[in-house]
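According to Swiss-Prot, the feature N-acetylserine maps to Ser2, an assignment based on similarity to another entry. Look at Swiss-Prot and you will find Ser41 tagged as phosphoserine, backed by similarity to another entry. The ATP binding site annotation in Swiss-Prot covers 248-255, 521-528.
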Amino acid sequence: MSNEPESSDSKTKKDFSTAILERKKSPNRLVVDEAINDDNSVVSLHPTTMEKLQLFRGDTILIKGKKRKDTVCIALADETCEEPKIRMNKVVRSNLRVRLGDVISVHQCPDVKYGKRVHILPVDDTVEGVTGNLFDAYLKPYFLEAYRPVRKGDLFLVRGGMRSVEFKVIETDPAEYCVVAPDTEIFCEGEPVKREDEERLDEVGYDDVGGVRKQMAQIRELVELPLRHPQLFKSIGVKPPKGILLYGPPGSGKTLIARAVANETGAFFFCINGPEIMSKLAGESESNLRKAFEEAEKNAPSIIFIDEIDSIAPKREKTNGEVERRIVSQLLTLMDGLKSRAHVIVMGATNRPNSIDPALRRFGRFDREIDIGVPDEIGRLEVLRIHTKNMKLAEDVDLERISKDTHGYVGADLAALCTEAALQCIREKMDVIDLEDDSIDAEILNSMAVSNEHFHTALGNSNPSALRETVVEVPNVSWEDIGGLENVKRELQETVQYPVEHPEKFEKFGMSPSKGVLFYGPPGCGKTLLAKAIANECQANFISVKGPELLTMWFGESEANVREIFDKARQSAPCVLFFDELDSIATQRGNSAGDAGGAADRVLNQLLTEMDGMNAKKTVFIIGATNRPDIIDSALLRPGRLDQLIYIPLPDEDSRLNIFKACLRKSPVAKDVDVTALAKYTQGFSGADITEICQRACKYAIRENIEKDIENERRRSQNPEAMEEDMVDDEVSEIRAAHFEESMKYARRSVSDADIRKYQAFAQTLQQSRGFGSEFRFDSTAGVGRTTGVAAADPFATSAAAADDDDLYS
């Protein structure tokens with residue numbers, strides 16, 4: 001966790017809680033370092049540190065680690081050890097659940113008694129195939145004359161003979177800690193301990209939750225303070241909070257946070273899964289709830305965690321079932337009846353906070369609602385670091401870059417991304433892995449590492465879970481695929497890419513970026529293609545909305561669809577919302593009588609309010625495309641909604657040349673094809689028409705190629721002895737001029753001159769209505785102002801003059 005100084009005016013309590021996150025400085029807090037001598041019972045400290053803590057060489061000390069784990073060791077002085085560090089080997093570290101660089105605390109532990117009896121068992125996977133008496137071979141030499149302190153529940157590794165065996169201390173008598181002296185009895189009867197049971201104890205702690213620093217501070221302040229130090233609230237004279245409601249999109253880590261809190265506080269954790277309480281017998285569901293709360297009160301301090309709380313506490317007026325209503329009432333009375341200092345805290349988690357009964361959301365029941373949202377870039381980096389800490393990563397993996405590219409991903413999506421990258425790594429090694437073999441070569445296992453390439457492949461295959469149903473393959477269209485339209489490209493980059501890639505520039509100049517763009521122009525000029533390219537070039541998420549799909553037959557559902565789409569876009573910001581055929585849902589209001597009770601009007605109103613309500617914080621862009629700009633409602637075209645109106649004209653000669661080149665980029669074209677001549681000849685053709693010409697020429701080439709193949713086959717079958725040279729050898733391997741000539745016979749223009757005049761008239765009226773005052777200049781006294789004024793007036797002048805041509809941007 002980063003160590004940010006809180007601003008002085010923030011609440012002291014908040015300050016205190018982030019101080020929970022940052023460790024207090026204290027002489028007995030030491031940083032874990034790798035041991036030099038590999039002894040399981042010894043830790044070494046610098047002599048000065050030992051002096052400060054009043055320890056002597058050979059003292060038994062108690063060390064506290066993470067997840068409420070502790071163990072006992074013998075302290076030795078070591079000059080080479082740095083002062084604030086403590087050296088311990090891997091065994092001690094795993095007992096304390098810490099890694100190198102973590103902080104542990106050291107305490108004096110003077111009254112460690114000699115043990116009468118200890119019960120020690122081996123761990124099953126380390127004793128496979130070990131024959132003979134374990135006690136004589138391993139334990140006796142390990143404990144002989146060593147006076148080792150042990151702690152119940154610890155694991156330790158003993159090296160002996162050919163291999164190492166891991167043991168677990170099952171029971172110690174008389175206390176949890178004791179020293180194994182020569183007269184201590186050691187029992188090692190019983191079945192070996194299963195490794196799985198051990199691993200399961202290694203549950204999640206605060207270190208395993210990333211990207212929710214602020215929320216974590218709030219939760220710890222609401223949960224740990226009342227459970228650990230109830231006297232704080234008593235002395236101030238307020239009641240501690242009783243309930244916390246966590247809400248947020250699925251996969252953002254609500255249940256994980258609750259688990260981590262339970263493990264780290266050491267409180268009794270009672271988990272209620274919403275649907276499990278239900279029972280078919282009358283009154284049984286309520287009694288299940290009551291039992292859970294009674295159990296928690298008995299074992300106080302405790303945390304009751306209700307997962308998916310919306311399933312057992314829905315709004316009472318909306319539910320038909322009697323049982324649900326009774327359960328909600330029971331939950332309300334139970335939460336009120338929790339004695340204020342019973343040290344029971346109720347946590348609820350849901351991803352639909354608005355479907356919960358409002359009576360539950362008042363103060364005194366769920367006092368605090370905490371939004372566990374989609375993490376930002378720093379949060380995503382934290383989550384990625386947590387998920388990759390046990391992965392074997394190659395040198396070139398750049399987690400920061402990956403966290404930049406994963407907009408809108410929640411924790412679960414990032415976990416899936418890491419898994420997918422690892423799978424990708426395994427797939428590459430599949431040729432050397434034999435599934436039938438019992439074991440895999442250690443060499444192969446060691447050579448595996450997840451590289452940056454694997455992460456990139458995984459990024460291509462995964463998408464944020466918020467966008468699963470409106471999933472859009474981000475199209476593989478780049479700027480190179482689009483011929484011409486240079487001005488439009490630049491305008492688009494400024495509108496969409498700058499706010500995503502340089503947000504700090506907008507802050508510096510104190511303006512929020514513009515939100516919307518409308519492309520209009522004749523069909524087949526690349527409006528949709530441009531939207532695809534911008535989605536691909538700038539690493540934003542892309543949701544494509546087909547206008548007509550929003551309308552449904554149910555009353556009120558069409559508007560709900562619009563709301564839902566905007567919610568999704570906000571969740572996975574930065575996001576480009578692309579409305580294709582905008583005219584189908586944004587026709588002028590008032591003239592749509594008779595269609596589904598004015599559904600189109602209501603959808604438009606919803607659209608307008610959504611566009612105004614888009615928070616400036618979230619970078620969501622709207623791109624509309626239409627070829628009927630004249631029928632779009634004028635309220636939608638005002639600045640602040642779709643403020644950039646971009647006319648995408650028929651391509652001029654240069655653009656046509658570029659389009660031909662872009663279309664034929666991947667095709668083998670003969671030398672005798674003069675693309676410039678084609679571009680000259682296709683005056684008035686749209687981009688789609690030009691693509692069609694290329695496709696047709698390509699088709700003719702393929703047809704000829706296949707005919708040649710058939711001819712060769714026929715000859716071969718008639719005359720098997722014929723030499724290869726006699727075959728028809730002029731193989732058609734490229735598109736020749738003849739193919740284009742043939743193709744041009746069928747070429748046609750899809751946009752008539754009358755249509756173009758309509759678009760130009762519309763563009764001109766816009767230009768005139770907006771070009772008012774285009775000759776504006778500042779007073780000539782200000783020398784600097786004058787030049788900028790001229791520059792500002794320029795674009796209008798040129799575009800108005802060029803309006804007669806078929807290309808407004810010539």
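Each Cβ is built from the backbone N, Cα and C atoms, and glycine gets one as well.
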Ser41 (phosphoserine) and Cys525 (ATP binding site), distance between Cα atoms, whole Å: 76
Same-chain residues at least 6 apart in sequence whose Cβ lies under 8 Å from Gly521 (ATP binding site): Lys527, Asn627, Tyr647, Ile648, Pro649, Leu650, Tyr759
Distance from Gly248 (ATP binding site) back to Ser41 (phosphoserine), taken between C-alpha atoms, in Å: 46
Recorded positions (Ser41, Ser252), the one with most neighbouring Cβ atoms at 10 Å: Ser252
Per-residue Cβ crowding (10 Å cut-off), top of binding-site residues Lys254, Lys527: Lys254
Nonlocal neighbours by CB distance (under 8 Å) for Gly248 (ATP binding site), same chain, sequence gap 6 or more: Lys254, Asn351, Asp371, Ile372, Gly373, Val374, Val410
